[in-house]
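The structure under discussion appears below in the form of structure tokens.
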Amino acid sequence: MAAARTSTTISLPLATRLTTAVFSLMLGVFIIYGVGLSHSETLHDTAHDTRHSYGFPCH
Amino acid sequence: MLVKYLLATIVAGLLAGILLTPAMYVRVVPLILHAEEYENAGGHEHSHDTAAATTAESAPAAVAPHAHEEEEAGPELPFGRLGNTLLINLVAGAGFALVTGAAALILGRKITLQNGIYWGLAGFFIFNFAPAFSLAPELPAMPAPDLAARQAWWLVTVFLTAGGVYLLVLREEVWAKVLGVALIVAPHVYGAPEAEDLSSPVPPTLASEFAVSTLATNLFFWVVLGTALGWAIQHYAASELDA
């Protein structure tokens, strides 16, 4: 288990990783919300084909 | 802040977003355009907003082309249909890449060129396959229940499936694997919101072709994204992660 996994784990302590991870997660969620779920009409119409293609509930 | 890591994920997301655009134009966008012909020809109450719904309901079939023009001149950004889709795909690619990169970082796992495809497959399963299992990708003009209810179901399903995949794949304990399967299955047992009237102006063949082609297109997107994430993180952020 350990031998196969050591190369794919990150050795940095959680505290170092957490700031970046939380920032990245919030930014990503904000973007996905805007692209896929926001009820703003401009966003809906611009993202229309992508929303349908991605399987987001649309209309 | 691991700036190189963030930039590497964004680069991978933009790359996947660029490549998604031509992939969408192979099958998915032609099917959307085809379905919109039925949307505008039929009097089915398809509502972009309440104003459009009132127009569609009160207007006889002869006025339908006019309603179509109005919809085309909606408040979207002015880059044309292809331009808007490319722009949104770039942004969406970056969004999904950031979320995937963040998940790996929180879990203390490194996305590499070798395992990137598995991260991509997990993303496809969580964001596309699991929601589509009970809430099939919709074409314009297809019957659909309340938008907010479907969006809530979609969100809950994505969260539960993400938790389920983590418990099932990354935890060794038996209870975790059992709970993982339960979390993945739960939203489908509960059931997605269903339309009361299933009659649709869009031919069923188009709808089934659409459901399959979107899943295939999104599978392609996620495989590219996962692999690109592994490559970009190894190339640009390795020094940061091994420090």
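All positions are counted from 1 along the displayed chain.
Cβ atoms are placed via backbone N, Cα and C, with glycine included.
What TrEMBL records for B:5-25 (among others) is transmembrane segment.
Summarising the annotation, TrEMBL assigns region 'Disordered' to B:43-67.
Marked as compositional bias 'Low complexity' by TrEMBL: B:50-65.
If you look up TrEMBL, you'll see B:86-107 (among others) marked as transmembrane segment. Non-local neighbours of the transmembrane segment (B:86-107) in the same chain are 2, 5-6, 8-10, 12-18, 20-21, 24, 77, 79, 119, 123, 127, 162, 166, 170, 221-222, 225-226, 228-229, 233; each lies 6+ residues outside the stretch with a CB under 8 Å from one of its CB atoms.
For B:116-136 (among others), the entry in TrEMBL reads transmembrane segment.
Within its own chain, the transmembrane segment (B:151-169) has Cβ neighbours under 8 Å at 103, 107, 122, 125-127, 130-131, 134-135, 176-177, 179-184, 186-187, 192-193, counting only residues six or more beyond its boundaries. The feature transmembrane segment is assigned by TrEMBL to B:151-169 (among others).
If one looks beyond the transmembrane segment (B:174-190) by at least 6 residues along the same chain, the residues whose Cβ comes under 8 Å of a Cβ in the stretch are 130, 133-134, 153, 156-157, 160-161, 163-168. The transmembrane segment annotation in TrEMBL covers B:174-190 (among others).
The transmembrane segment feature in TrEMBL is assigned to B:210-233 (among others).
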Beyond the flanks of the transmembrane segment (B:5-25) by at least 6 residues, Cβ under 8 Å: 82, 85-86, 89-98, 100-101, 105, 217, 220-222, 224-225, 228-229, 231-233, 235-237, 240-241
Sequence-distant contacts of the transmembrane segment (B:210-233), meaning Cβ under 8 Å and at least 6 residues beyond its ends, amount to 5, 8-9, 11-13, 15-16, 19-20, 23-24, 26-28, 31-32, 35, 93, 96-97, 100-101, 110-121, 123-124, 127-129, 132, 136-137, 139, 241
